[in-house]
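To keep things clear, I will list the structure first and then write my remarks on it.
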Amino acid sequence: MPKRTDIHKIMVIGSGPIIIGQAAEFDYSGTQACLALKEEGYETVLVNSNPATIMTDKGIADHVYIEPLTVAALTRILRQEAPDVLLPTLGGQIGLNLAVALSKTGILDELGIELLGTKLASIDQAEDREKFKELMQELGEPVPASLTVSTVEQALAFAKTVGYPVIVRPAFTMGGTGGGLANNEAELAEIAKNGLELSPATQCLIEKSIAGYKEIEFEVMRDAADNTMVVCCMENFDPVGIHTGDSIVFAPSQTLADREYQRLRDCALKLISALKIEGGCNVQLALDPNSYDYNVIEVNPRVSRSSALASKATGYPIAKLAAKIAVGLTLDEIKNPVTKTTYAEFEPALDYVVVKIPRWPFDKFTKADRRLGSQMKATGEVMAIGRTAEEALLKAVASLEIDQKDLLSKEAAAASDRQLEDKLVHAQDDRLFYIAEAFRRGYSLADLHELTRINHYFLDIVAGLVEEEGRIKAAGLDKEVIYEAKRDGFADTTLATLLGQNPAAIRAFRKANGIVPVYKMVDTCAAEFDSATPYFYSTYETENESRRSAKPSVLVIGSGPIRIGQGVEFDYATVHCVRALQKLGYEAIVINSNPETVSTDFSVSDKLYFEPLTLENVLNVTDLEQPVGAIVQFGGQTAINLASGLEANGVKILGTTVADLDAAEDRELFDQVIKDLNLRQPIGMTATTRQGVLDAAKEIGYPVLVRPSYVLGGKAMEIVYGQAELEDYLNQNADVTGSHPILVDAYLEGAECEVDAICDGERVLLPGIMEHIEHAGVHSGDSMAVYPPQSLSGAVKVQIEEATKKLAVALKCVGIMNIQFIIHDGQAYVLEVNPRASRTVPFLSKVTGIEMAQLATKVILGHSLAEQGYRSGLAPESQMIHVKAPVFSFSKLGDVDSYLGPEMKSTGEVMGSDTTYEKALYKAFAGAGMEVPDNGAVLLTIEDNDKAQILPLAKRFLAIGYRILATSGTAAFLEENGLHPTVVAKLHEQGQPAILDVIKDKHVDLVINTMGHDDEKNSDGFIIRQTAIEHHVPLLTALDTVNALLRSLEMTSFKTTEL
């Protein structure tokens, strides 16, 4: 069936900001789809609120709108652009929910706009829990005993009839949002209440738990002619009960007998046909490990996290082909872009094993609830490819970029047997390492299966690797044993630990004995057909399939898994670096480990190596490719941390040298540069002992900002107000040594701002200055920011410009750098310098029109700013106002304090742009999901330090028609100043109304809580904030953000004043 000619203009809905459950995979799939539609000759319109994406670059679609993903904003764009069709299945759950909401408003019927790909009825049938269950019964497909409920009482009554445990699955949500496993009545009441509040349809499925079954996923495709095919079958290491986004996943499936596979495959294809889905779809099934019985868990009628993983695991570009199917093409008409000879209807075949491990944020959130269940908690994931399951598993662990590089865990080794068993029964993010430790202690396969319900096959893989550790220790540096260990995925660092050597000695021994990796191609067909994919993974075999090109090449080091502090912004910069290299005639080689991103789309670079970002793996690639050099400026701290090891092994670091990178990161060297240039910075000291930290704080005077050197995302950074608090900080971050010093700075009050600068060694270009809306002390990644600045004087801008120029030249920056300033008493103080691309690159590139990463790449390769047509200094400011707002995922992470401070907590960002600051703010708040009505009620719980500031804000709330509720101390202060708030009883006070009831019963529309820096779980401020998050009441903890919100609300409200 040829493509449709009755449609010309297609509008695509993007997925919005990165949150837990919906990450960079949608940037990858949306970018692929937009380009595929353009390739077919259609005019495309894209709407997305996330500026940190390749998808929102000019040129990916014909018309790009960075606007809030709300019904109101989309309706305006639909009227303006009048597309023929709307494609919602590439925008994750947000895209689907918006399609349903737009349809209900009648705008699609009014404008005659058709839904492309999957029809509304199919979306509804797959997402509405009751309709889906009815369809399964019609098809004769088994589902767990369940009931769709719209009240907590119905949930409790059903659970009584089927017995506990039960699983709660809210309708129309993603990442298991609001769901969970309930073991008793109290747990069910709490989870069901939360799930009903979070479901757009106020609907939950209560399901008899089948926890312990094998969890199997099929990625399937279907076209309009009802051709269906399986792209990939994946099997979870963890049994049913843990969200698939929080599970280790193997592809292809490892433990299914042929009969089981065929039954489940038939079921998956039957479902996609019955739902009439056109495009890609994810089917989740549960298989009883003791029989052939299975249950259908759910169907996602859209591209998803799993489809991005399946695309990278197989090389089969699901989103690209789903977009082509949506416009009428069939699987037997579309050429497979990998082989270029076979058609898309051929099912991929794998002659390797892929392992995905989630990347959790618990290294940032040390007090978070780490237990895993049916609600997803991971921010990102890594993928590794090997010839065997063992090799792929160990490579995936090495890719995580956590303190744990292999299965040798110090924490697990130190646990008592009782603690160990508790960790095995109650799954957390680190359970794999405790399984390995249990085998070291002599636990049997049967013991561990009983404790974990994990399949014997997967446990046997871990047991085999633990046995091999023993053989390696016993044999010493033996050529045969080392070769076998490398084939099984053991890293040089692990072998060094086991043998009491250093990794360099292991590498030297390997090379001397010819134990070096070869690279195999990912070709979708297990080498059955000719293929020329430039997509490789390493293994220890004989034939090498990667050939060095005669063209000069440059290696670009990616940024690894998405995590808090290092998000999709760095992947954006990596992709632009690749584009610039290709324009300059170089072969661009990417090494990365993240399956969700655009940079690991093999069609982006000239060569892609899917490998852990460790020194060993990067050096193996440079040994083979012999690049001109490596670029580390765009891969975040991951790439910067590899620079000195690469240089020590003879790899040229292009751009700013390693010595100059160190000068910016090393406190004493940097302080000397500041002094030499006569610039201002807050008083600061470096301490290498616990007592040294305490002495430094005393000398500088409290409050002080304390942090370790060499960190990203403000990890372990805190504002400390007194000695007792500082001692608590040191107890939690006790690793203070000469190689791990602690920095102690005076904490200055003032406005923060930052610049990204590009320097060619002589000239320095500042594309723009971004002013932070929150006060100093809130991490720059969590602060709202505005460009151009709204309150900086001309004189301050000149100070910033001059300081940036001096620093860039003095630090011998060649490429890109980021500098943060604080404006205190009209003077600009330098806070910190990052000699690399920062998370602001995509935002500033979009709003200034200067493609910063491309410009910096050309500078790195010797093309001066003058040559590229740029002058030194601050670029002219734009006429439009642009506001960047952070987006958080607190509702997914229990026990994480939402109080904003110097440690970064946001997972994503949105942008609002308009002709005035107030309108841009309004859009940014709308994009971030801060839905506050024009009038209502606001609850104030304010720390004493902030009371003077709250008074004018409270008066402004009254002026626009808000009622004010406040706790006793805040209320007394407001009364003294002529305002009459309603007093609410604090947590430990008698009286009505009680503060938590006011929040739980939604008697307030906004909570403003600045009850500070004490983040102990039982502190009043923490409990109030958690209650607001759990009940989805908008919450603000910084008064500067409140001021910004008021400005946006005041813009939409009319004053009523008497004559």
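Cβ atoms are placed via backbone N, Cα and C, with glycine included.
The C-beta environment of GLU215 (ATP 1 binding site), restricted to residues of the same chain at least 6 apart in sequence and closer than 8 Å, consists of GLU235, ASN236, ASP238, PRO239, VAL240, THR244, SER247, GLN284, LEU285, ALA286, ILE297. Taken from Swiss-Prot, the feature ATP 1 binding site covers ARG129, ARG169, GLY175, GLY176, LYS208, ILE210, GLU215, GLY241, ILE242, HIS243, GLN284, GLU298.
Within 10 Å of the Cβ of GLN284 (ATP 1 binding site) there are 20 other Cβ atoms, across all protein chains. Residues or ranges marked as Mg(2+) 1 binding site by Swiss-Prot: GLN284, GLU298.
According to Swiss-Prot, the feature Mn(2+) 1 binding site maps to GLN284, GLU298.
As annotated by Swiss-Prot, Mg(2+) 2 binding site applies to GLU298, ASN300. Counting only same-chain residues at least 6 apart in sequence, those with a Cβ under 8 Å from the Cβ of ASN300 (Mg(2+) 2 binding site) are ALA126, CYS281, ASN282, GLN284, SER306. ASN300 (Mg(2+) 2 binding site) carries a strand DSSP state (E or B).
Same-chain residues at least 6 positions away in sequence with a Cβ under 8 Å from that of GLU298 (Mg(2+) 1 binding site) are, in sequence order, ALA126, PHE132, ARG169, GLN284. What Swiss-Prot lists as Mn(2+) 2 binding site is GLU298, ASN300.
Close to GLY777 (ATP 2 binding site) in the fold, though at least 6 residues off in sequence, lie LEU705, ILE719, TYR747, GLY901, PRO902, each with a CB less than 8 Å from its CB. For the recorded site, GLY777 (ATP 2 binding site), the DSSP three-state label reads coil. If you look up Swiss-Prot, you'll see ARG707, ALA746, LEU748, GLU752, GLY777, VAL778, HIS779, SER780, GLN820, GLU832 marked as ATP 2 binding site, on the strength of sequence analysis.
Following the DSSP three-state reduction, the secondary structure of GLN820 (ATP 2 binding site) is strand. The Mn(2+) 3 binding site annotation in Swiss-Prot covers GLN820, GLU832 and is backed by sequence analysis.
The Cβ neighbour count for GLU832 (Mn(2+) 3 binding site), using a 10 Å radius over every protein chain in view, is 17. Per Swiss-Prot, the feature Mg(2+) 3 binding site maps to GLN820, GLU832.
A 10 Å cutoff on Cβ-Cβ distances gives ASN834 (Mg(2+) 4 binding site) a total of 22 other Cβ atoms nearby, all chains included. For GLU832, ASN834, the entry in Swiss-Prot reads Mg(2+) 4 binding site, with the evidence type sequence analysis.
As annotated by Swiss-Prot, Mn(2+) 4 binding site applies to GLU832, ASN834, with the evidence given as sequence analysis.
Among the features that Swiss-Prot reports, domain 'ATP-grasp 1' is placed at 133-327.
Here Swiss-Prot flags 671-861 as domain 'ATP-grasp 2'.
Here Swiss-Prot flags 930-1059 as domain 'MGS-like'.
Residues or ranges marked as region 'Carboxyphosphate synthetic domain' by Swiss-Prot on the basis of sequence analysis: 1-401. Taking the region 'Carboxyphosphate synthetic domain' (1-401) as a whole, pLDDT averages 91 in the prediction.
According to Swiss-Prot, the region 'Oligomerization domain' annotation covers 402-546.
Among the features that Swiss-Prot reports, region 'Carbamoyl phosphate synthetic domain' is placed at 547-929, with the record citing sequence analysis.
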Where LYS208 (ATP 1 binding site) and GLU832 (Mn(2+) 3 binding site) are concerned, what is their Cα separation in Å, rounded?
54
Give me the largest Cα to Cα distance among ARG707, ALA746, LEU748, GLU752, GLY777, VAL778, HIS779, SER780, GLN820, GLU832, the residues the record lists as binding ATP 2, in Å as a whole number.
18
Which numbers of helix, strand and coil residues does DSSP report for the region 'Allosteric domain' (930-1059)?
56 helix, 21 strand, 53 coil
Which Cβ among the binding-site residues (ILE242, LEU748) has the fewest C-beta neighbours inside 10 Å?
LEU748
Let's check the environment of LYS208 (ATP 1 binding site): how many other CB atoms sit within 10 Å of its CB?
19
Among all protein chains shown, how many Cβ atoms are found within 10 Å of the Cβ of GLN820 (ATP 2 binding site), not counting that one?
19
Cα-to-Cα gap, GLN820 (ATP 2 binding site) vs ILE242 (ATP 1 binding site), nearest whole Å:
41
Please list the DSSP helix, strand and coil residue counts for the region 'Oligomerization domain' (402-546).
79 helix, 11 strand, 55 coil
Long-range neighbours only, meaning 6 or more apart in sequence with Cβ under 8 Å: which ones does ARG129 (ATP 1 binding site) have?
SER146, THR148, ARG169, ALA171, GLN203, CYS204, LEU205
Cβ neighbour count (within 10 Å, all chains shown) around ARG707 (ATP 2 binding site):
20
